[in-house]
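J.: Here's a structure for you.
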Amino acid sequence: MKFYKYCASGNDFVITNADRKEDRSALAKELCNRYEGIGADGFIVILPHEKYDFEWEFYNNDGSRAAMCGNGSRAAAHFAHHINKINPNMSFLTGAGIIKAKVNQDKVEVSLGKIKSVQNTFEELGKTWQLCNTGVPHLVHFCQNLDEFDTMLCQKMRQKYNANVNFVKILDENHLKVRTYERGVEDETLACGTGMGACFYLAFLNKKVQNKVKITPKSGEEVGFAYKNEELFFEGKVKYCFEANYNFF
């Protein structure tokens with residue numbers, strides 16, 4: 001199987017083409033294993049589609065399916081344009097709906113669409129939380145110090161609410177810093193696109209930031225977010241790492 005390794009603001013992905021849908025959960029888990037496989041946060045399968053430029057299957061590191069992945073969508077768009085030679089302005093089908101993307105060399109902007117849902121704030125485990133769905137559910141906690149991030153606490157919240165968990169610090173009205181515990185990886189990752197989107201949207205909704213901001217995830221790779229016409233836009237660099245063949249024994 002020919003595969004391509006991609007990175008986007010700290011998240012890494014294994015991407016391949018396929019001609020039909022099937023359950024690839026076991027394969028995803030094998031490929032994403034950092035000790036015995038290729039190593040990645042997620043596995044993306046690009047499939048043909050009659051109406052859109054392509055359709056994808058997205059698998060988390062543990063083999064579970066996910067409807068959406070922000071950084072994964074940017075990596076998929078970069079792959080579709082540079083490897084599959086699809087037009088740089090494209091749309092593709094995910095489990096969370098249609099994603100529109102624009103590729104400009106190594107920069108990719110995607111529209112994450114309209115926010116699916118937002119719930120009221122609540123108190124739990126000594127912190128204030130809000131739940132926001134940007135294609136997948138995210139718990140968000142605004143803090144003064146990102147050292148508050150606690151993996152054990154995140155595990156408890158993730159298990160109870162079946163959601164990703166984010167800690168966010170507002171540096172100023174144009175800049176946020178975010179740390180994310182991702183379900184499916186079951187640990188903190190270097191970045192999470194939909195998580196950063198949830199943090200930005202809630203900060204904007206609460207009038208704490210402008211409608212266009214920079215966000216720095218744990219990886220340090222700064223990305224841009226904007227909210228316009230009731231849609232969430234996400235832009236940043238994508239890196240093609242390498243391509244190779246994976247042999248099954």
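Counting begins at 1 with the first residue displayed.
Just so it is clear, glycine is given a Cβ too, placed from its N, Cα and C backbone atoms.
Worth saying up front: this structure is predicted, and the values here are computed from it rather than measured.
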J.: Let me know which member of ASN33, ASN104, ASN164, ASN229 Swiss-Prot also records as binding substrate at the site of ASN11, ASN60, GLY70, ASN71, GLU182, ARG183, GLY193, THR194.
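T.: Matched candidate out of ASN33, ASN104, ASN164, ASN229, per Swiss-Prot for substrate with ASN11, ASN60, GLY70, ASN71, GLU182, ARG183, GLY193, THR194: ASN164.
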J.: Which residues, same chain and not among ASN11, ASN60, GLY70, ASN71, ASN164, GLU182, ARG183, GLY193, THR194, have a CB within 8 angstroms of the centroid of the CB atoms at the recorded substrate site?
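T.: Leaving out the recorded residues gives ASP41, GLY42, ALA66, CYS69, GLY72, VAL136, THR180, GLY184, THR189, ALA191, CYS192, GLY195.
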J.: Hey, how far is THR194 (substrate binding site) from CYS69 (active site, proton donor), Cα to Cα, in Å?
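T.: Taking the Cα atoms only, THR194 (substrate binding site) lies 6 Å from CYS69 (active site, proton donor).
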J.: Including all protein chains displayed, how many Cβ atoms other than that of GLY70 (substrate binding site) lie within 10 Å of its Cβ?
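T.: There are 29 such Cβ atoms around GLY70 (substrate binding site).
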J.: Using the residues the record lists for substrate (ASN11, ASN60, GLY70, ASN71, ASN164, GLU182, ARG183, GLY193, THR194), what whole-number Å value is the largest Cα to Cα distance?
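T.: Among the residues the record ties to substrate, max Cα distance equals 15 Å.
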